[in-house]
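Feature list (source: Swiss-Prot):
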- LYS27: active site, schiff-base intermediate with substrate (ACT_SITE)
- LYS85: active site, proton acceptor (ACT_SITE)
Amino acid sequence: MILLVSPKDVAEAHEAIEGGADIIDVKNPPEGSLGANFPWVIKETREATPEGMLVSAAIGDVPYKPGTVTLAALGAAISGADYIKVGLYGTRSYQEALDVMKNVTKAVKDSGENKIVVAAGYADAYRVGGVDPLIIPRVARDAGCDVAMLDTAVKDGKTLFDHMSIELLKEFVEETHKYGMKCALAGSIKIEEIPMLKEINCDIVGVRGAACTKGDRNEGRIQKDLVKEIVKVCRQ
């Protein structure tokens, strides 16, 4: 299982790289779960990241505005992101989610056929009126995405496992794999919860808080020693 770590600036990206993270995922925590950072931060992070190491960028907890979201996705791709992550926050149905992701995929793949598109839903979608997380694999498949992902929308200390049972998460992973895509799971995941994700054959685990001082995604800073500990668990 590979590790995605989400820095908010280049200094944190260096810590994540030195700690052994596999994917450097640029985000902006004050703007939400999948908060979008600025194009120059993505560009600077890409320049600071070793060649051959993948850079991801979240483009926000997005509304149902396909044109707006597609432009943001293209901006992230052009700024140097290899993975473009879209948080389907404001989509209320399969059709709305598909509409957003289909257009994003078209724009991103037109900019570079090796770019990777991630459709992200929320395990706690019921708290924010979002689309059912269990339809995300189907949305991702039908839109031509590469990865189906789950995160949590509300960052209040509750983790992915507080909102979905391990059985449901396993179902999500298996359906994603059945469609020939990779599966990524995140959501205030603690280091001791990572082995459970390995057991259900998750491909990518995403963290920020667990790699930050005081375990705080907002006030803390990513530290390479904490990243090293998480890498060790992922590799066991």
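The backbone N, Cα and C atoms fix where each Cβ goes, and this holds for glycine too.
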Discussion item. With the cut-off set at 10 Å between Cβ atoms, which of these active-site residues ends up with the most neighbours? Options: LYS27, LYS85.
Written reply: LYS85
Response to the item:
Students should find that the Cα atoms of LYS85 (active site, proton acceptor) and LYS27 (active site, schiff-base intermediate with substrate) sit apart, in Å rounded to an integer, by 10
Item to complete: Work out the three-state DSSP category of the residue listed as 'active site, schiff-base intermediate with substrate'.
Response: coil
Practice prompt. May I ask you to report the DSSP-based helix, strand or coil state of the residue listed as 'active site, proton acceptor'?
Written response: strand
